[in-house]
Amino acid sequence: MTLHLHDSAAGAVREFAPLVPGQVGIYVCGATPQGSPHLGHVRAQVVFDVLRRWLVRSGYEVTLVRNVTDIDDKILAKAAEAGTEWWAHAYRFEREFSAAYAALGVLPPTVEPRATGHVPEMVELIQRLVERGHAYAAADGSGDVYFDVRSWPAYGELTHQRLDDMEPAADADPRGKRDPRDFALWKGAKPGEPATASWATPWGRGRPGWHLECSAMAGRYLGPRFDVHGGGLDLRFPHHENEQAQSRAAGDGFANFWLHNHFVTMSGEKMSKSLGNVLGVPHLLETHRAVVLRYYLVSGHYRTHLEHSENSLVEAEAAYSRLEGLLRRAAERLGGLAAGEVPAAFAAAMDDDLATPTALAVLHETARAGNSALAAGDEAALRTAAGQLRAGLDVLGLDPFAEPWASQTTGSDAARTALDVLVRARLEDRATARATKDFATADAVRDSLKSAGIVIEDTPTGARWALEGEQ
Ligand SMILES: Nc1ncnc2c1ncn2[C@@H]1O[C@H](COP(=O)(O)OP(=O)(O)OP(=O)(O)O)[C@@H](O)[C@H]1O
Ligand SMILES: [Zn+2]
């Protein structure tokens, strides 16, 4: 089977074929850094990071562009509230987003363009639209420039909507518009706004409309036509519909596939700053390992919502510890461990529209096979299973021996060595007690270790220990 992806524009799963053999260009809508990142924001980036890793593993060269919308009405409003410069506000939270992505093992994009650095590309795109009769300067002299939806019969094609059924675009004063559904490409500067928040254009000073930014940046780095455009489900309309309309109306083919991730939800509702039901990433990292948060995000299919609960993170910790535990024991037994090929069933699941829940189930099967091989002393089978497990986890960004996780465990490795010395001493006491048939003492040792979360397994070569959930 080859890779198949659900294309939201087609409303169906389609076979994926890159426009240029061997190369894939992906554009993912990044953050509007008006506040701190929450778990939902990170889910979106983890989803496209997994797609990228799977494409790379499948032999493609991937260019991934993720923008930062560093100028926006909400940023201006929040900065004014906080009494800071908008650009300082945006950059502060941009850094928080970068830190959250890095903490969860999201690989840096190939390039991360900021909207404010691409005004010339935006002006050029508007000019093309004006020349082709698809954009016009507002009649009220506000300096706004609008996309003329009636001039583009394909408007609505991405989300399968008819123009007549659509609501007015609420992004600017409707008085300057030819049609209330026309959306702003460019927003004229208003009195009282900071001078630094506007740029000179043929239509006067102003700042970019949100949709225009993404079209301009995608075009700059990926060209007029590219393979995949991604983002959260909430961006399908109006953001992505408008991106596609303006790029195609300007003569660009734009995205070949549209992928949309579903939400992290709480009580069934999208985790969202405006609803106030957010869990900040730094806050979650105080009580959960980053790799476990990532395991949890990957454990759901990207097209289904992921209802957050504390219990699901506890389950993720137990499930990931099982996989990690086998890898650590295998590395210990084999004196190191190389990644191998992913299991065939894992590849089939990933090719089936990134079916990560199935892919993870395959990895748990692989770990079980590894555990049996370990117990049976079959090193060849153990090497194969553990190598496959590492390869699969690497695709999901969860390989404990790869960065960023490998260096994070250095400290705990030292702690683990110390623990090993202490536990082994207790195991020797137990062995001595058993040898003298003092079973009461032997059992007391076992019980006291158990109450500390340490389980003992008696093997033909002596007793071994593991942390609960790891065995
Ligand atoms: N709860 C969520 N689950 C999954 N993805 C999300 C969630 N919230 C936002 N995203 C995605 O994160 C990316 C960056 O979003 P953006 O900065 O525009 O935030 P937003 O949607 O305005 O967030 P909020 O609703 O919290 O204000 C987008 O692709 C968006 O769809
Ligand atoms: Zn976008």
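The backbone N, Cα and C atoms fix where each Cβ goes, glycine too.
In Swiss-Prot this protein carries:
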{"type": "BINDING", "residues": "CYS29, CYS214, HIS239, GLU243", "note": "Zn(2+) binding site"}
{"type": "BINDING", "residues": "LYS273", "note": "ATP binding site"}
{"type": "COMPBIAS", "residues": "172-184", "note": "compositional bias 'Basic and acidic residues'"}
{"type": "REGION", "residues": "164-201", "note": "region 'Disordered'"}
{"type": "MOTIF", "residues": "31-41", "note": "motif ''HIGH' region'"}
{"type": "MOTIF", "residues": "270-274", "note": "motif ''KMSKS' region'"}
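Features as recorded by Swiss-Prot, highlighted on the structure.
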residue : record              : Cβ within 10 Å
CYS29   : Zn(2+) binding site : 23
CYS214  : Zn(2+) binding site : 28
HIS239  : Zn(2+) binding site : 17
GLU243  : Zn(2+) binding site : 27
LYS273  : ATP binding site    : 17
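Within the motif ''KMSKS' region' (270-274), the DSSP-based counts of helix, strand and coil residues read 0 helix, 1 strand, 4 coil.
Non-local neighbours of the compositional bias 'Basic and acidic residues' (172-184) in the same chain are 136, 138-142, 144-150, 163, 166, 209, 211, 238, 242; each lies 6+ residues outside the stretch with a CB under 8 Å from one of its CB atoms. If you look at the motif ''HIGH' region' (31-41), the same-chain residues 6 or more away from its ends with a CB under 8 A from one of its CBs are 68-70, 72, 74-75, 78, 89-94, 96-97, 100-101, 210, 232, 263-264, 270-273, 278-282, 284, 293, 297, 308. Each residue contributes its Cα atom, and for HIS239 (Zn(2+) binding site) and LYS273 (ATP binding site) these two points are 18 Å apart. Residue counts for the region 'Disordered' (164-201) under DSSP (helix as H, G, I; strand as E, B; rest coil) come to 8 helix, 7 strand, 23 coil. When secondary structure is read from DSSP and collapsed to three states, GLU243 (Zn(2+) binding site) falls in the helix class. Taking the C-alpha positions, the distance from CYS214 (Zn(2+) binding site) to the residue listed as 'ATP binding site' comes to 22 Å. For ligand 1, the nearby binding-site residues are CYS29, LYS273; that is, of CYS29, CYS214, HIS239, GLU243, LYS273, these have a C-beta under 6 Å from one of its atoms. CYS214 (Zn(2+) binding site) falls within a helical segment according to DSSP.
For the Zn(2+) site, the Cβ centre of CYS29, CYS214, HIS239, GLU243 serves as reference, and the other residues of the chain with Cβ at most 8 Å from it are TRP210, HIS211, GLU213, SER215, HIS229, GLY231, LEU235, HIS240, ASN242.
Note: the Cα of LYS273 (ATP binding site) and the Cα of CYS29 (Zn(2+) binding site) are spaced 17 Å from each other. The DSSP secondary structure for CYS29 (Zn(2+) binding site) is coil.
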